[in-house]
Amino acid sequence: MGSLPPHSSSDLLPQAHSQPFQIEETTLLDLFKSQQSHLNYFFQNLSLPQTLTFARTLLSAAGTIFFSGVGKSGFVANKISQTLVSLGIRSAFLSPVDALHGDIGILTQRDVVVLFSKSGTTEELLRLVPCVRAKGAYLIAVTSVEGNALAAACDMNVHLPLERELCPFNLAPVTSTAIQMVFGDTVAIALMEARNLTKEEYAANHPAGRIGKSLIFKVKDVMKKQDELPVCREGDLIMDQLVELTSKGCGCLLVIDEEYHLIGTFTDGDLRRTLKASGEGIFKLSVGEMCNRKPRTIGPDTMAVEAMKKMEAPPSPVQFLPVVDHQNKLIGIVTLHGLVSAGL
């Protein structure tokens, strides 16, 4: 039996169509302009009184605000719920299918259930309505077709004006979901402002993200301290402190007195400049003779993001800041590398 003919790696790649598809720049631009026009139609025709009533209802909810939807509307409903949760508002996504198989047990008469549906004829949501009513929760429909069954079955309906879908067949839900997202997230920010959410409270809900870290982390949370500090005395010879200068990963020496008061700093840049200017004379020079006695410093309770700003401030950026207390005693050092590593 003969062996298979050899083939190149290019044979494994998908083969191009004999007449490859193309998108013209003018076509793409026209689509963006059309979508902008459809979104403008939504903004121009949205009922502010209706939206205000909706927002106030969510604001006064005594229990949890549940969002539900099917398909693309379900994804939007889930996202809006997550936005509210990140703002410290009790919210959750309720799958209409899972709700009918036990999950509806989570509902109470204190809750609000918001149902997203473009047409308002979604069968799964219509089946869910009487079950929600039996639990005593308040029902709100958010739809885009006038006079639909879901709107009639709920306690409140919010109409999201939809001119048409961007899809040339007016079928693919791309404009309808865009206005659902804009509507839901804008109301979420209205709730955020009404509840007077502070930056610190917002950051507490995002401790692992950059936003949270910039608002939560203080210098004392990210600084090196104790044995990690490259310290020396002002009378120490420069050449005797090279190991200390290079081994602690700070790029400097922190010059202190007997009581740990900060006297100054001596950097690896200072070492190069001293060597260039003094030559062999460097062997006799002490750290105190060549150190910077007016370094930038920072306190331990300062926000870490402010430390980064101070490092970057004129007249020239620096790579570290000694951390001192109110008596100018050295308690740590914060480095640019450390701040970046912490996610700031």
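Any Cβ shown, glycine's included, is placed from N, Cα and C.
Just so you know, TrEMBL annotations never went through curation; they're auto-generated.
Predicted, not measured: the structure shown is a model, and the values here were computed from it.
As recorded in TrEMBL, the features of this protein are as follows:
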DOMAIN    55-197  domain 'SIS'
DOMAIN    223-285  domain 'CBS'
DOMAIN    291-344  domain 'CBS'
SITE      LYS72  site 'Catalytically relevant'
SITE      GLU124  site 'Catalytically relevant'
SITE      GLU165  site 'Catalytically relevant'
SITE      HIS206  site 'Catalytically relevant'
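When DSSP labels each residue, the domain 'SIS' (55-197) comes out as 66 helix, 23 strand, 54 coil, counted as helix, strand and coil in that order. Cα of LYS72 (site 'Catalytically relevant') to Cα of GLU165 (site 'Catalytically relevant'): a span of 13 Å. Within the same chain, residues at least 6 positions away in sequence whose Cβ sits under 8 Å from that of GLU124 (site 'Catalytically relevant') are VAL70, PRO96, VAL97, LEU100.
Remark: GLU165 (site 'Catalytically relevant') has HIS38, LEU171, ALA172, PRO173, VAL174, THR175, SER176 as non-local neighbours, by Cβ distance under 8 Å and separation of at least 6 in sequence.
DSSP labels the residues of the domain 'CBS' (223-285) in these numbers: 30 helix, 17 strand, 16 coil. With DSSP classes pooled into helix, strand and coil, the tally for the domain 'CBS' (291-344) is 15 helix, 15 strand, 24 coil.
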